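Q: So that we are looking at the same thing, I have put the structure below in structure tokens.
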Amino acid sequence: GAGAALRWCITAALCAAFLGLGMSIAVLGPTFPNLAANVGKNVSDIYYIFVGRSLGYLGGSVVGGVLFDCMNACLLLALSMVATTVGLYGIPWCKDSVLLTVLMSVIGGSMGVLDTGGNVLALNTWGAEAGPHMQALHFSFAVGAFVAPILAKMALGGSETKEIPVAEKTNQSDLKSVPTASAASAVPPLQDHPEEDFLWSYVVIGTYLFLVSLFLFVLYSKGSSDRDDKSTTSLQKGKLAKHHWALIGLLFTFFLFYVGAEVTYGSYVFTYAIVFAEMKENEAAALNSVFWGTFATCRGVAIFGAAFLYPGTMITLSLLASAVSSFALAFFAHYRALLWVGTAVYGASMATVFPSGISWVEQYTVVEGKSASLFVIGAALGEMCIPAVVGYLQGRFHHIPVVMYAAFLSSAMTVILFPVMYKLATSPRENDLKEVSDTETRKALLSNSRLTEDEEDEEDEQDGREWNEADFEVIEMNDKLKNSLTDSSHKISENSPAQVSLQPHLDDVLSNSPVVAGGSPQRQNGNVDWEKND
């Protein structure tokens, strides 16, 4: 009915929004040298714009988690996308590095709100059926990240660059302040690029996000509210894990390294290819697109793969492939073929980790707005810290491919953290232990009751046999007693006729002498007297 149609409309709007989110994040890598040239600085001097964007992303995640409980989700997401549009429109005309950092912070904040609110809204909208829809959201993000480099360098900025003289290449590689991810910004031919080569990519992405925000405004005007979905989802939630907050904290750290490695490689591989692999810009953009392309393809496949693979299995396979490919990139990237293959495998291995991580942890504990906010905050910290550290170290050690070693170390950390998280997640809860003990107690009581009933039956049978034997003894005794009393009465009647009147009394005694209550023989006082008389 109308409710199902509204839910599908919300999912479509979220997928479109995450498509724009992916483009907004990935467009920075190919246009980073142009941004540095636009503000008149060396790239190594403005690597802090990553920090500004990630700080905004972090703040947006926190504020979004709070505002999500206070206002309509569609309205909140629409406003955040309008803010992103404003920031994207302003970046190409920004001539000051400080103002550029501020705009990046605004974009990061609005994207943090979108990321947190989008994940929580998808969970609240679909409840237990949110798994495929979560994969679809992050698949849309990957598609946007794949399209952005093509949009920036091939489709809209496809003008050919001049060949870089060998001397200029040598001088470029000798600059200590040039980080791997952005060394191409020091190349003089960049001045031959018109400003429009990267300007229109930001304008197109901003316009797209504005159109999506209009769709969200329409959903808000239709009165869509997730309050009922929240109440329904809360009823479907399971119990907290025994180590709930420890598990959430480790997953926070896990996402920090994972997202940090993903954003770092996606942002720095372009100029790494130019400096260390000595590729042309079109080749470097193609290598960047290979990373995001395999990333997007595997996320699309994961939508169907989630139907027959457990989230834990998908995470394990992804981590193994990530470790192998990052090792090859760190130590054998000077081989051109291994660079291409390693980049493709590394992008594919990073595809399913985030959505599978949320689906995996939801199997063992409750995932609410606060938990989802912590996941996004961990991702924001990773996006802020790891690229900044890589840029700083590359400025200090410009002959070392720091980005490749950072990818390998991040993969190693995720491989170590996941088994620890699995151990905590599978620890039995106190309630489970209590239920097990109660079940064992009930079984013990039932077995004891059966034993008691069998014993009582045996006792009853034994008592019955004893009482029957007693009855026969009493009957025999009464027969003997009656015969003896009868003989005595005949003798008394012969000797003393006055005693004949006692015969009726004898009959009364004999009639009262057999078994009385429960078949037990009772000795009457009259019997004793007659025995004495006898």
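Just so you know, glycine gets a Cβ as well, placed from its N, Cα and C.
From TrEMBL, for reference:
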TRANSMEM  5-26  transmembrane segment
TRANSMEM  46-68  transmembrane segment
TRANSMEM  75-92  transmembrane segment
TRANSMEM  98-124  transmembrane segment
TRANSMEM  136-156  transmembrane segment
TRANSMEM  199-220  transmembrane segment
TRANSMEM  245-270  transmembrane segment
TRANSMEM  317-335  transmembrane segment
TRANSMEM  341-361  transmembrane segment
TRANSMEM  373-393  transmembrane segment
TRANSMEM  399-422  transmembrane segment
COMPBIAS  431-443  compositional bias 'Basic and acidic residues'
REGION    431-467  region 'Disordered'
COMPBIAS  453-467  compositional bias 'Acidic residues'
REGION    485-534  region 'Disordered'
Q: Any contact between the transmembrane segment (199-220) and the transmembrane segment (341-361)? By contact I mean 3+ C-beta pairs closer than 8 Å, pairs at least 6 apart along the chain.
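A: No, since the transmembrane segment (199-220) and the transmembrane segment (341-361) share fewer than 3 Cβ pairs closer than 8 Å, they do not count as touching.
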Q: Looking at 46-68, 75-92, 136-156, 245-270, 341-361, which one has the highest count of Cβ pairs under 8 angstroms to the transmembrane segment (5-26)?
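A: If we count Cβ pairs closer than 8 Å to the transmembrane segment (5-26), 136-156 scores highest.
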Q: Near the transmembrane segment (75-92), which residues from the same chain, at least 6 beyond its ends, have a CB less than 8 A from one of its CBs?
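A: Distant Cβ neighbours of the transmembrane segment (75-92) are 13-14, 17, 20, 24, 35, 38, 60, 64, 67-68, 100, 103-104, 106-107, 109-111, 113-114, 117-118, 121, 195, 198-199, 202-203, 205-207, 209-210, 212-214, 216-217, 220.
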Q: Do any residues, 6 or more residues outside the transmembrane segment (373-393), come within under 8 Å Cβ-to-Cβ of it, and if so which ones?
A: 44, 47-48, 50-51, 53-55, 57-58, 60-62, 64-65, 108, 112, 115-116, 119-120, 179-182, 248, 251-261, 263-264, 267-268, 354, 357-358, 400, 402-403, 406, 410
Q: Who are the chain neighbours of the transmembrane segment (341-361) in space, where the CB to CB distance is under 8 Å and they lie at least 6 residues beyond its ends?
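A: Non-local partners: 119, 131, 134-135, 137-138, 142, 247-248, 251, 254-255, 258-259, 261-262, 265, 269, 287, 290-299, 302, 305-306, 310-312, 314-315, 318-322, 324-326, 328-329, 332-333, 367, 371-372, 375, 379, 407, 414, 421, 425.
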